[in-house]
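Below: one structure, written as structure tokens.
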Amino acid sequence: MSEREATLLNRFTRIKRRRVHLAFALALGLIAVFLLDLSAGPAALGLGDIVRGLFDPGSLELRDRIILWDVRLPDALIALAVGAALGLAGVETQTILDNPLASPFTLGVSSAAVLGASVAIVLAPSIPAVPDHAILPALALLFALASGGFVLLVVRVSEGSRETVVLFGIALVFLCNALTAGFHMVAEAEAVQQIVFWTIGNLTKAGWAEVAMVFACVAVILPFSLRHVWLLTLLRGGEAHARSMGIDIARLRTMVILRSSVLAAFAVCFVGAIGFIGLVAPHLARLMFGEDHRLLVPGAALCGALVLSAASYLSKALVPGIIIPVGILTAVVGVPVLLLLLWRARRRA
Amino acid sequence: MTGRFSVSNLGARYGRAVVLHDVALPALRDGEMLGILGPNASGKSTLMRRLTGEMPGPGDILLDGRTQREHGREGWRRAVAAAPQTPPAPSALMPTELMWSTARALGLALSDAELAARIEGIFDELGLGAVALSPLATLSGGKRQLVGLALALVRNPTLLLLDEPTSALDLHWRLAVLDLVRRRLRAQGGLVVAALHDLDLAARYCDRLAVLHEGRVLAAGCPAEVLTPDLLARVYRVEAEVSADPEGRPVVRALRAIDPGKGD
Ligand SMILES: Nc1ncnc2c1ncn2[C@@H]1O[C@H](COP(=O)(O)OP(=O)(O)O)[C@@H](O)[C@H]1O
Ligand SMILES: [Mg+2]
């Protein structure tokens, strides 16, 4: 092999290696933020106690053990799982729709979930075989999945047209919001407050079962996403090229939207419509990993987990003694970050 | 050996609009290049999309004795590669990443080192070495068009399809690209079908020409037979002079537009 030939591979490998190092740094950062999140809260449990209690639960007093294992760990873990799910769903949606502002939420998943939650709160229906406390997440999940189903139907009917899908998603958002507003009209003040609280999103209601479900959802879907990383990368070269290679774009689009709808539905049904993670995490990941989806896809999941975990920490640490709903923080922090990223992207283009 | 590649009775439609009618192309022998001529909207790109297999429709496409269907999706993908008219999108992706992901997504059986060597060789020939690791968004339209060609070449196809491969290129690269394509045909055989805008380039580089007009082939054959003042008047609505260069290939000089105000 000539020296020049070695050079391209070397230079390319060097870039890839730097990105892998970044991914490791990101993972380490995630662990640090996760521990920080665990250490924050009304009860005085220091970082040392936390680490000790994680490896040797018996070393903590009963009260501290319960706080750590039954309160803080589920909250902190669901932040990771929801963040990862939203980051993953966001990056795939953005690529498949070739739209940096897209996220599963822009396709209506979260608005539908809010509508489902409103139905549960206002009508308080009882569903056989579903315990009362599970009705709200169940309906939120059902509505979110149903909206994903509608979007998939449109993908099918429009033979995978991007514009149609995005427009339909926007229409779905408006429709769900209008119906939710209808529920506001007829609901008691307390129910409205509950709906609003749920809409903002907060992590403190999660238990181990919820954590397990969201993690399972991510664990089942991630391998399918990873199988598509080459296709998603080459799709960034434009649809015309992908089509000329005989790649079935409509099918790819269907699979991605199916995946991200399910991810987003599971992510929001327990913790509410936490905004901006699905939008910001992919952009952060792109800054670190570029457009090579081999790293971008897992990277966006890591970024989502990191951002939501950090937001969860801040929600407890910012005002001592008060837990700010985490959705407020993701929006307050997410909007400026997003504007900054878009501004940078524009300047570079 | 008779033709390796032939096309007959080919049709295509978008919804209810039929844009290709009974298209037959001159048969190609190994090492030959066919130029598809025709004004805008005559159906050149649609023909290319039929040949890549991305668009369904009636017709017989034969490559090495087997139809497109008999080759199967995978077989066709291995044998045929196209550079579409639209160059790669100006994303943050680097040309090398795009080449790499294309090769891997299509399952080319090459080691990393072999693939890198092939990519580097193609980039060198196309003058893309300096931008191999720059975001596509920072490349000029011409460079991106060259990346599009590189994407087809990296697959080393039997049948290479080029849709207006030189439309965004400057004079040097227009000739250099077509020289490269001819060199490749001479060195390793294969077949090329290229939709071309420039009549003189088509006459100079192609062994066969077919002229599309409103989705039909109006003339087909060797360049000297096809490029006549009569045909240019009919298809392009220009009055033109056709002379021959020292090697006997036609050279077209368009003189004036015929009835610019009136439709055909
Ligand atoms: N995606 C499409 N949908 C509908 N009509 C199309 C589409 N692409 C091309 N056409 C129509 O098909 C005809 C042939 O177009 P095309 O193959 O792009 O011609 P050319 O490449 O020769 O300019 C034109 O009338 C064009 O308007
Ligand atoms: Mg065209």
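Note: Cβ is positioned from N, Cα and C throughout, glycine not excepted.
Curation plays no part in TrEMBL annotations; they are all automatic predictions.
Look at TrEMBL and you will find A:72-89 (among others) tagged as transmembrane segment.
Marked as transmembrane segment by TrEMBL: A:101-123 (among others).
If you look up TrEMBL, you'll see A:135-155 (among others) marked as transmembrane segment. Residues 104, 107-117, 119-121, 124-127, 164-165, 168-169, 172, 176, 198, 210, 250, 253-254, 257-258, 261-262, 264-266, 268-270 of the same chain, all 6+ positions outside the transmembrane segment (A:135-155), place their C-beta atoms under 8 angstroms from a C-beta of that stretch.
Residues or ranges marked as transmembrane segment by TrEMBL: A:167-187 (among others).
According to TrEMBL, the transmembrane segment annotation covers A:207-235 (among others).
Proximity of distant same-chain residues to the transmembrane segment (A:256-283), defined by a Cβ-Cβ separation under 8 Å and at least 6 residues beyond the stretch ends, is recorded for 78, 81-83, 85-96, 100-101, 103-105, 107, 109-111, 113-114, 116-117, 137-138, 140-141, 144-145, 147-149, 151-152, 155, 165, 197-203, 205-206, 210, 213-214, 217-218, 221, 224-225, 228, 232, 296, 300-301, 303-304, 307-308, 326-327, 330-331, 334-335, 337-338, 341-342, 345. Among the features that TrEMBL reports, transmembrane segment is placed at A:256-283 (among others).
Look at TrEMBL and you will find A:322-343 (among others) tagged as transmembrane segment.
Note on the transmembrane segment (A:167-187): residues 105-108, 111-112, 114-115, 118-119, 121-122, 143, 147, 150-151, 154, 195 of its chain, located 6 or more positions outside it, place their CB under 8 angstroms from a CB of the stretch.
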